[in-house]
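Annotated features in Swiss-Prot:
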type    : residues : note
BINDING : 304, 306 : Mn(2+) 2 binding site
DOMAIN  : 138-333  : domain 'ATP-grasp 1'
DOMAIN  : 693-884  : domain 'ATP-grasp 2'
DOMAIN  : 966-1112 : domain 'MGS-like'
REGION  : 408-559  : region 'Oligomerization domain'
REGION  : 560-965  : region 'Carbamoyl phosphate synthetic domain'
REGION  : 966-1112 : region 'Allosteric domain'
């Protein structure tokens, strides 16, 4: 049937900030949905708090609200549209992850949808409840003849204890209505049960947890299914987890299609999946169902389902070429599967199930190095921050490609230090899942362990272990062969080995380039295959490619000739990680769309299945490949060959994808690849402290005093000369990796030992640390003759907090005109001094009216999307055009940039935008189960960001906090404990809170200072102080854990008892999910936000309205 005529206006809820467990896959899903709905003639309103997303670009919806995703704010949007006579007919919440689903449930429960006559489409309220509520779902599984793990839903700790007594330990604890396994875990002891179930009851919006028998070690599978209003069902993809049950599927290596299922098991799963889908009532959309199989007896149970588009849906979409989110959106508005045409073949309908003639492997990317002390054990709580995907003609080829796609410094096995230990020690280690288990499996086999021993120890299916065993045998062949001949080299490449891996085993070839030269001499090159959804049964019309090394030398590539248009290759940013997230993907997508419009053929290279850049119709051609020198160069050659007789590849863009492509620029240029925009030598100049310092000296721009050290003695002399505190860091890092503020010589010695291990080929930088300075961030464009300031941002936290973790405001709220003019002059001098062509980000610190240059990055920064949303200027699009020859003057004429002026000086009526970082501290614990410290510093720790935008700073800040962490309290109790240096600065913010009616708790020293300043407060004991006569009975931590505190203000002390006390206070605040402010500036901003909330005048406005006002 055609689309429903009664639907004219649809509200789409996005997923908000990038979190562990809910990442960029929902930007990909939501972007697809918005495009489809608008193409169908529907009016679309979107709400999403994440400015780094493509979906929040104003062109993807009629009304785009960058607002917190809460029931309160969504209702404000619905009400505003209704007041304007523009009633919203339907709410589509199945494409925004768990956040959107939970918000939709609240809007149903509080009556808002009924009040405004808004229908839930995709999955209705009852379907969401049946799919998400553990007990209801278990009942459905039983009804359709399936089996669940023995379990019980518990609402109290007493019920939890009774259930554990019945089931026996170990048990799995799973909260309802959470994502990424938040709050879940394997409990081996009564103490584990108390902690995990307590956390789970707190994490679950419905305050219940499922206590389940342990199925640890079973094999895990997933099915992606879709159903339409006529009860047509398709199984889009089967996915098998390499890791057994007990490891969250988001942290497991996964493989599609499933490799080790028997046909009978698959058919049983398929039948059960379809019956469950029908019974739950997801009648217009997609869902994901997880199963477990006992490898000993074949017992099959159903674990859970997601009645929405999920992380696995994005993976399945990229793995098969079947656009699940796009089709789900069409099904939600009334179409049936047989009416929807497959985009890739342009002739088969969507009711044709995809067929794969290749293997897909996804691997997680972890960031444990960012959280010292965090337990690296993989459990049912997801901990990975990103993922990479690869395609190959066999499992082992795809595995090799995905391992080098993760960008951990290795190119697969044998390209880093071997794991430690004897065969018995490695087998013992394999009983516990960690992020290094692939390397442990290979090493155990290499040391002589049998496939069966490794499979038993790790719980990994013997078939997968056997495949890695084939690589161990191949390694021995490569080492032992007297000469590396064509047959062995071709077989090595067919099995996924990179040139770097082969070079590591054949020293006589003198490195990766030696292997490359040998390959070229022997005529061994990859062929490029096509993802077509139908195993070549029908012709693919969409060029979506992956590489493979065939054993047959006559195998042909499938890259179609295209000689008419000049080609531009865009290097993406690879897997998301802390320091390099979707902000960079945003810039790559903008480059692809704007350059296609400008007449170029755009070619995207990336390996991240979550992103919009790897959608098959973002660029003219897509290569799903690792971002390594070897892989990129082969694509360049393939594209040059396909463009023979025409202009060919005129440029490769490395400036937009973060540090990953920048790291390849120099080698690619030396290999003859044309790099456009800022040249590699200019990129190196900006990174080299000595050369960059010379640029600043010539321009008369001050920078903090610094020195370079390769030993502790050198570092000690430099630190003594410039004075403590100092900021120490290795060079060439993104996200502040390895950075630390050091206050004394003892700490410096420990740091130098660690840092030189981190980056032995580069010296350690020792900078004077500017305490209490205001940090400023600038994004600018330069075409070689003119500089255009995109935006000037003022950081809310002082210098010393990584810019990616600091909240910032645009326009700046305390800088004067003379400060901004100084920023402009400095930015122009730096842009011309380096030789920037494209984007430039500069960070400054303003202290005692002196503007210091901290660093300059001649590339797209993570703030580009935020600045673009706040100012209505598409910086990434302008950058792409400038790199390919356009001038700023030309872009002004075309209306891409403002005809006069730029973003340095904003209009008086310009709204204030606040960007806030989202931090994942609640995801990580130490091995003993205690929280890790939530203190911020120069090393970046945030996974994502939100934006609040309003007429004044207080309202914008309040929105940003609500979007990131939940509403600031309007009343209640605030606990204050601050370092001596901060006490004077905090008098006014705390007095204002007291005046607003807040009860103030404080520790002894802080309480004394507050009372002297006329602020009433109650005293609590420090956590490390034993209770004795004369001390308050309740400690600060006790008060927080008892639920008596609504906000914490705690700035760090030195390294003694109070420092430990501060850690305990902050950890307690994180565990209780209450706001915890760790800087003076943050406290002042929070007070302004609280005042705005109490005033009650925080409204909503769409970006379209805001941008229209900016242009008028």
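Cβ coordinates are placed from backbone N, Cα and C, and glycine is handled just like the others.
Small disclaimer: the values here were computed from a predicted structure and weren't measured.
The number of other Cβ atoms within 10 Å of the Cβ belonging to residue 304 (Mn(2+) 2 binding site), over all protein chains shown, comes to 18. Taking Cβ-Cβ distances under 8 Å and a sequence gap of 6 or more within the same chain, the neighbours of residue 306 (Mn(2+) 2 binding site) are 131, 287, 288, 312.
A mean pLDDT of 89 is what the model gives for the region 'Carbamoyl phosphate synthetic domain' (560-965).
DSSP assignment over the domain 'MGS-like' (966-1112) gives 72 helix, 19 strand, 56 coil.
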